[in-house]
Amino acid sequence: MTHDIHAQRILILDFGSQYTQLIARRVREIGVFSEIRAWDMSDDEIRAYKPSGIILAGGPESTTEEEAPRAPEAVFALGVPVLGICYGMQTMAMQMGGWVESSAIREFGYAQIKAHGQSSLLQDIKDHVDQDGSALLDVWMSHGDKVTKMPEGFELMASTPSCPIAGMYNEAKKFYGVQFHPEVTHTLQGKRLFEHFVLQLCACEKLWTPANIVEDAIKKVREQVGTDKVLLGLSGGVDSSVVAALLHRAIGDQLTCVFVDNGLLRKNEGDQVMDMFAKNMGVRVIRADAEQLFLGKLAGVSDPEKKRKIIGGTFIDVFDTEATKLQEVKWLAQGTIYPDVIESAAAKTGKAHVIKSHHNVGGLPEDMAFKLVEPLRELFKDEVRAIGLELGLPYDMVYRHPFPGPGLGVRILGEVKKEYADILREADAIFLEELRAADWYHKTSQAFAVFLPVKSVGVVGDGRRYEWVISLRAVETVDFMTARWAHLPYELLEKVSNRIINEISGVSRVCYDVSSKPPATIEWE
């Protein structure tokens, strides 16, 4: 049975909050499609969009300023439920006749709100019970302004000692405002609040599921490319692997993948990619063995940025060479995902609704004259992983740690040589193997070895040896914007160190990186 998984959708208007993408993810986790657009979307665009409900997100501006962003008038005239969060609640109050003032006490961090009234939004939601029987909720606050007068027709929904109007509602119109952030995990009942809004008040069905997303994507790809041939650069990373599996299911032999083996991959990675896609799934994969070409161009180059540019440019040259050998290819497939779309639009214009028509990831030549097919461009990373599993990809492939585009080229400090790459490949493989054996691989967000181009003295038997240093790096993070070094057990680190020094010729010392981000970045270069 075919479902229109976009028919019921929640429109999220972004006023610049760092949490806006979290709102979209929370709605989708419930099983309903949501999309982020800029706050200045026109009234006609909103009416044409036909949302099932609208969420006004937070933002850094002050609604007390005359030039502050305002929600389009159509938001309140459309007749659909509206949820205002933080700044969204404040602009709702101002635009409907209420009042907002700067608060003498800024609230940032944990707070406890007291529920009031009989709103459908907070019905039966509580973390604790007050002495008078009122529901108390543990929430996350982040605001400097506060609503001091509710618009006519609104009732009090929540309060804190320093913010007497921390929530308001108009049940007849299904308008709700909360000063706190239900999208962050610190607000313990945030998911239930979104479920009440999306499933009950907006009356949406749970159609946004991995199986339905796959079905919808296959249908769209077939409509888009018809009987044309499609080319995909397969890296072995999560996004390109999921695109390969999805396109193969959609169009079969019309897909050709090019896998560029640059000599800077992890141990056995090239063989694993070929086994998975060419051997097991029957995907047509061309493997371009370009190790000597890449290492030749990198000889004598130590600057990290120059190394990146050489690796990126050489990849394009190899890919272009393979592409010109193929006949009648009209489409280029890419693993663009939704955060790429949002971020590139925001970077170009400051507005999330100007979606790029050509997301030229990796800087592929403009004169290649391919049309673009991007089957993941609506999806967040966690959704990409979910549909990867739905398509039958192995869990370890779908949930593998991130690997930089330049590969080991930026994990070898300074000049890249084959000797260094071979040593690093073995050290990295030992580290990851032991992490998996100790059940630590999926507890860390990213783990890898780094080759340091310095020699250190070591003692083996009766002899001294002067050899290379390997540093191990493992971090825990939610968003990769900040990260904490992983507190791995000493016994595990000792085992990894002993194996690397004993099993790899040319290594005399192993260190563990205990730097967090910031100030250090996750990768060394």
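For all residues, glycine too, the Cβ spot is worked out from N, Cα and C.
Sequence-distant contacts of C86 (active site, nucleophile), defined by Cβ-Cβ distance under 8 angstroms and a gap of at least six in the same chain, are S17, A57, G58, G59, S142, H143, V178, Q179, F180, H181. According to DSSP, C86 (active site, nucleophile) sits in a coil region rather than a helix or strand. Feature annotation from Swiss-Prot assigns active site, nucleophile to C86; the stated evidence is sequence analysis.
Feature annotation from Swiss-Prot assigns active site to H181 (among others).
The number of other Cβ atoms within 10 Å of the Cβ belonging to E183 (active site), over all protein chains shown, comes to 28. According to its DSSP assignment, E183 (active site) is coil. The active site annotation in Swiss-Prot covers E183 (among others).
Sequence annotations record features per position, and here Swiss-Prot assigns ATP binding site to S235, G236, G237, V238, D239, S240, S241 based on sequence analysis. DSSP classifies G237 (ATP binding site) as coil under the three-state reduction.
Taken from Swiss-Prot, the feature domain 'Glutamine amidotransferase type-1' covers 9-207, and the record attributes it to sequence analysis.
Per Swiss-Prot, the feature domain 'GMPS ATP-PPase' maps to 208-400.
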Round to a whole number and give the Cα-to-Cα distance in Å for the pair S240 (ATP binding site) and E183 (active site).
29
C-alpha spacing of E183 (active site) relative to G237 (ATP binding site), in angstrom:
29
Given the binding-site residues G236, G237, which one has the fewest other C-beta atoms within 10 angstroms of its C-beta?
G237
Can you tell me the CA-to-CA distance separating S235 (ATP binding site) and E183 (active site), as a whole number of Å?
33
E183 (active site) and G236 (ATP binding site), distance between Cα atoms, whole Å:
32
